[in-house]
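Some notes on the structure that comes next.
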Amino acid sequence: MSTFPKRILLKLSGETLIGNQGFGIQQQACLQITKSIQQIQQLGIQLGIVIGGGNIFRGINLKANGMPRVPADHMGMLATLLNGIALQQALISLEVKTCVMSALDCPKVAESYQWSKALQYLEEGVVVIFVGGTGNPYFTTDTAAALRASEIQANLLLKATKVDGIYNQDPLKNTQAVKYDRISYSQVLAEKLQVMDATAIALCRNHQIPIFVFNMKRLFENRLDHVLTDYSHGTLVDDGEIGHEANKLDR
């Protein structure tokens with residue numbers, strides 16, 4: 001691409017904050033990620049971030065063990081608040097202007113999400129970290145990312161994952177899985193490709209927000225700018241070419 005998007009929504013899983021400790025939040029991992037975020041901000045790009053909470057808690061796990069879905073999801077949403085605060089403090093240590101806006105009211109630790117205020121912050125160059133998911137149970141943080149991207153009129157949604165794009169099968173389980181360079185929203189939905197849930201994909205399609213799926217390792221290599229200049233580093237989801245396949249995994 002010849003120019004950078006004006007405004008980006010970056011979706012991070014809670015797992016990006018684990019580092020090498022297997023659970024929770026590792027400060028070094030936070031600092032490495034925030035260096036990539038700082039790099040993007042220095043390009044003049046307005047940046048919003050939605051972060052998951054799976055490194056701390058997954059509501060769906062408690063539901064499987066008998067807890068009602070609603071309180072289980074509330075606990076998962078609160079986990080994203082912890083991650084957001086950790087990310088905010090790491091950004092502050094790099095002197096990056098940032099704020100945490102929560103879909104759940106926790107006024108002593110985060111601002112309540114307000115659409116107009118979020119837009120104002122973005123225009124002022126503040127990195128806005130959106131936590132609390134959508135504020136409602138039964139919705140994933142991927143859906144929250146698509147919702148916030150739609151609300152702030154993001155030009156691109158970046159999703160960091162464990163693999164370097166979208167494959168026709170799980171590449172962590174099948175070494176013959178084939179990667180797509182580019183694929184349409186409709187094909188992702190039709191083939192039920194497990195990159196984001198269907199609600200999130202449909203929201204992005206309805207609001208014409210391209211999705212770029214890339215390997216979270218780029219965040220730790222300070223190479224997020226490469227992702228924005230060369231789409232071969234992942235998979236682009238939009239209404240363009242129907243997915244053509246890239247090379248098989250070299251393993």
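The first residue you see is number 1, and the count goes up from there.
Note: Cβ is positioned from N, Cα and C throughout, glycine not excepted.
Record features, source Swiss-Prot:
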BINDING   Lys11, Leu12, Ser13, Gly14, Gly54, Arg58, Thr161, Tyr167, Asp170  ATP binding site
REGION    19-24  region 'Involved in allosteric activation by GTP'
BINDING   Gly53, Asp73, Thr134, Gly135, Asn136, Pro137, Tyr138, Phe139, Thr140, Thr141  UMP binding site
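Note on proximity: of the binding-site residues Lys11, Ser13, Thr161, Asp170, the one nearest Gly53 (UMP binding site) is Ser13, by Cα distance.
Sequence-distant neighbours of Gly54 (ATP binding site) (same chain, 6+ apart, CB under 8 A from its CB) are Ser13, Gly14, Glu15, Ala79. When the binding-site residues Thr134, Asn136, Tyr138, Thr140 are compared by Cα distance to Thr161 (ATP binding site), the shortest distance belongs to Thr140. For the region 'Involved in allosteric activation by GTP' (19-24), the number of residues in each DSSP class (helix H, G, I; strand E, B; coil) is 0 helix, 0 strand, 6 coil. The ATP site in the record is lined by Lys11, Leu12, Ser13, Gly14, Gly54, Arg58, Thr161, Tyr167, Asp170, and its two most distant CA atoms lie 25 Å apart. The sparsest Cβ neighbourhood within 10 Å, among the listed binding-site residues (Ser13, Asn136, Thr140, Thr161), is found at Asn136. Calculated from their C-alpha atoms, the gap between Thr134 (UMP binding site) and Lys11 (ATP binding site) amounts to 13 Å.
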